[in-house]
Amino acid sequence: MKKVYLDNNATTMMDPEAYEEMLPFFKEKYGNPNSLHDYGTQTHKALRNAVDTLYRCINAGDMDDIIVTSCATESINWTLKGVYFDKIYTGEKDHIITTSVEHPAVSATCAFLESLDTKVTRLGVDGDGQIDLNELKNAMTDKTALVSIMWANNETGTIFPIKEAVQIAHEGGALFHTDATQAVGKLKVDVKDVGVDFMSFSAHKFHGPKGIGGLYIKDSIKLTSLLHGGEHMGGRRSGTLNVPYIVAMAKALDNATKFIEMENVHVRRLRDKLEDALLSIPDVAVIGDRKYRTPNTILASIKGVEGEAMLWDLNKAGIAASTGSACASEALENNPIMEAIGADVELAHTALRLSLSRFNTEEEIDYAIDEIKKAITRLRSISSTFAYTPSWHKSGL
Amino acid sequence: MAKNTLIGGSIWDEYSQKVQDRMNNPLHMGEITEEEAEEKGLKLVVADFGAESCGDAVRLYWLVDEKTEIIKDAKFKSFGCGTAIASSDTMAGLCIGKTVTEAVKITNIDVEKAMRDNPDTPAVPPQKMHCSVMAYDVIKAAAASYKGVNPEDFENEIIVCECARVSLGTIKEVIKINDLKSVEEITQYTKAGAFCKSCIKPGGHEKREYYLVDILAETRAEMEKEKLEAIANAKTSDSGIDMSFEELNTIGQFKAVEKIMDSEIRPMLAMDGGDLEIIDIKKDEKGITDIYIRYLGACSGCASGASGTLYAIEAVLKENLSPNIRIMPI
């Protein structure tokens with residue numbers, strides 16, 4: 001059976017070159033990079049190169065910090081809680097602005113800070129999953145400590161106008177954080193150009209290893225530590241450095257960004273082919289204009305087909321996808337992102353998310369199109385809410 | 001939170017083979033038309049339950065022999081996840097051959113059990129139990145349609161735990177009868193909260209109208225109030241104390257003791273110019289209730305206060321209230 005992986009917004013396969021790059025640091029080059037002996041200096045050099053690569057790939061400056069963390073969730077928690085301790089706990093400010101479609105790492109942390117009497121404003125989104133900058137302007141107060149808006153949405157792929165949002169936040173005297181988990185490696189990310197103060201990312205979303213990520217901090221801005229301890233990472237985040245993963249993350253990021261424009265042409269073409277095929281099926285809708293989405297993402301609503309049932313059939317055909325359907329997760333509450341988009345409640349139950357990577361091939365997409373059509377046909381024939389139309393079934397669907 | 005719940009995911013691994021087979025190849029999926037019913041001389045019943053916007057919807061078709069009320073054939077259509085499709089298919093199968101009245105007795109637990117590969121292993125993971133509930137509800141809708149009655153006629157209780165079909169009334173009754181003090185005990189007695197656990201407290205995978213933690217707290221509060229009322233009533237009752245002395249709270253015990261003192265003991269002491277007052281009432285670890293008293297008037301210097309009079313007071317209280325009473329003069 002063929003295997004096609006179309007769940008790259010959840011996680012990605014490791015870049016083979018990044019994998020090879022990290023292996024020596026498990027067995028031969030295992031020295032602590034902070035040690036003075038040869039074992040240490042050997043890994044220290046590799047670490048230095050990896051750090052230089054990370055800075056180069058996102059265009060961070062020498063006065064900026066990129067702190068290695070365990071994942072974007074940690075980076076996000078650190079930023080939000082750090083700003084809370086620096087600006088809100090002190091009484092200087094009392095307000096955070098975010099959106100209603102953030103990843104739980106942001107939304108749950110904001111809810112936690114709300115329980116500590118922080119005021120939180122959540123910007124809504126339209127049917128395309130896009131925010132309104134005027135809403136952001138109106139939400140700003142002189143007590144706003146932080147604006148946290150994701151760079152691109154994990155479910156819809158919608159890209160947010162980060163640069164303009166940063167300007168609004170800064171004009172209002174607030175710091176700006178972006179969760180760039182779905183942007184780094186998929187879009188050109190230039191931190192100097194957009195001017196963000198903090199940016200979170202995870203390596204496993206751009207073909208690096210799981211369990212490592214980073215936090216970009218502009219111009220060494222003060223941020224109370226989440227982990228206190230020794231002097232690692234300039235004292236900002238303690239804990240012995242995970243050299244193999246840092247080296248692999250840097251290699252994966254380097255490979256993901258080196259030819260990003262060219263790779264995106266390939267990914268976008270395959271995504272559009274898959275999307276066009278889906279849209280040719282009656283009663284299928286795709287959320288958001290594809291021009292304003294990450295090039296790899298499709299969020300489709302397939303009338304009459306419940307999300308988990310769809311995943312079941314696709315999995316039988318060797319295709320990995322994802323769904324915003326509550327039934328496919330452990331919690332049966334509706335996905336808040338689906339609810340925020342809000343135009344059609346069915347979306348929460350009939351959504352199918354297909355997310356590609358540069359490793360997907362044309363042949364895989366052709367196979368996926370066939371199998372998706374078969375699954376839709378079967379499940380609609382069972383469906384009590386879809387008027388099954390044999391005519392288009394016979395015509396090839 | 002515990003070891004088995006720390007790592008989530010992989011709910012499909014917990015689907016029985018029967019669930020998987022029914023999902024892949026449902027046996028009773030389809031529709032039945034009026035023409036087919038007419039041809040066979042049977043009555044067609046069509047019932048719907050749920051909606052796509054809620055995430056689950058099912059349509060049930062029955063062919064019923066009106067002379068015997070036996071369901072001759074059943075088919076379904078379903079919008080829902082794998083478990084919902086498998087449950088609907090199993091439910092339709094269970095209906096065939098039963099009378100409409102018998103079919104109404106099919107519960108979601110019957111459907112889930114019918115999908116088990118072996119009797120002791122659930123067919124689906126706990127959070128998927130609710131998908132079989134819909135099957136239960138659509139049968140009620142079909143039967144109501146056939147009999148021309150309201151579906152609520154078959155189900156007029158508030159169901160707190162849909163997985164185990166346990167009603168609010170049952171839970172409250174069990175708490176009161178067995179003096180239950182924890183949700184774990186409720187689960188042991190009723191199975192409510194044993195499956196998907198959504199009904200235990202807010203924050204589970206599905207919002208519920210009633211939660212076991214609240215029902216327990218409210219019922220315990222009701223029990224406490226009833227107890228206080230009983231104590232109050234016991235005090236005013238002319239026929240004396242109608243609760244056991246041990247069941248009373250301290251104030252109730254004080255009042256009960258005072259009552260006996262006034263009616264039986266003080267008149268006796270008054271004959272010799274004496275009296276007493278109650279200082280405190282304490283229960284020790286062995287269940288003995290110590291009543292601390294102080295003699296007043298002539299009794300306060302009387303030698304008999306530590307012997308004969310003391311035994312007499314203790315005997316009267318033991319006889320009237322509880323054999324576990326001890327008098328402690330100070």
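First residue shown is number 1, and so on along the chain.
For all residues, glycine too, the Cβ spot is worked out from N, Cα and C.
Taken verbatim from TrEMBL:
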DOMAIN    B:14-149  domain 'NIF system FeS cluster assembly NifU N-terminal'
BINDING   B:C54, B:C81, B:C131  Fe cation binding site
DOMAIN    B:159-201  domain 'BFD-like [2Fe-2S]-binding'
BINDING   B:C161, B:C163, B:C196, B:C199  [2Fe-2S] cluster binding site
DOMAIN    B:257-327  domain 'NIF system FeS cluster assembly NifU C-terminal'
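Mapped onto this structure are the features recorded in TrEMBL.
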residue : record                        : Cβ contacts under 8 Å, 6 or more apart
B:C54   : Fe cation binding site        : none
B:C81   : Fe cation binding site        : B:D56, B:K128, B:C131
B:C161  : [2Fe-2S] cluster binding site : B:T190, B:K191, B:A192, B:G193, B:A194, B:F195, B:C199, B:L212
B:C196  : [2Fe-2S] cluster binding site : B:P126, B:Q127, B:K128, B:M129, B:H130, B:C163, B:G204, B:H205, B:E206
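In sequence order there is nothing to list, since none of the binding-site residues B:C161, B:C163, B:C199 has a CB under 8 Å from a CB of chain A.
Of all the binding-site residues given, namely B:C131, B:C163, B:C199, the one with the smallest number of surrounding CB atoms inside 10 A is B:C163. Each residue of the domain 'NIF system FeS cluster assembly NifU N-terminal' (B:14-149) gets a DSSP state, and the totals for helix, strand and coil are 67 helix, 31 strand, 38 coil. Remote same-chain partners of the domain 'BFD-like [2Fe-2S]-binding' (B:159-201), defined as residues 6 or more beyond its termini with a Cβ less than 8 Å from a stretch Cβ, comprise 107-109, 122, 126-130, 133, 136, 207-208, 210-213, 215-216, 219-220, 222-223. In the domain 'BFD-like [2Fe-2S]-binding' (B:159-201), the DSSP tally of helix, strand and coil residues is 19 helix, 5 strand, 19 coil. Helix, strand and coil content of the domain 'NIF system FeS cluster assembly NifU C-terminal' (B:257-327), in residues and according to DSSP, is 35 helix, 22 strand, 14 coil.
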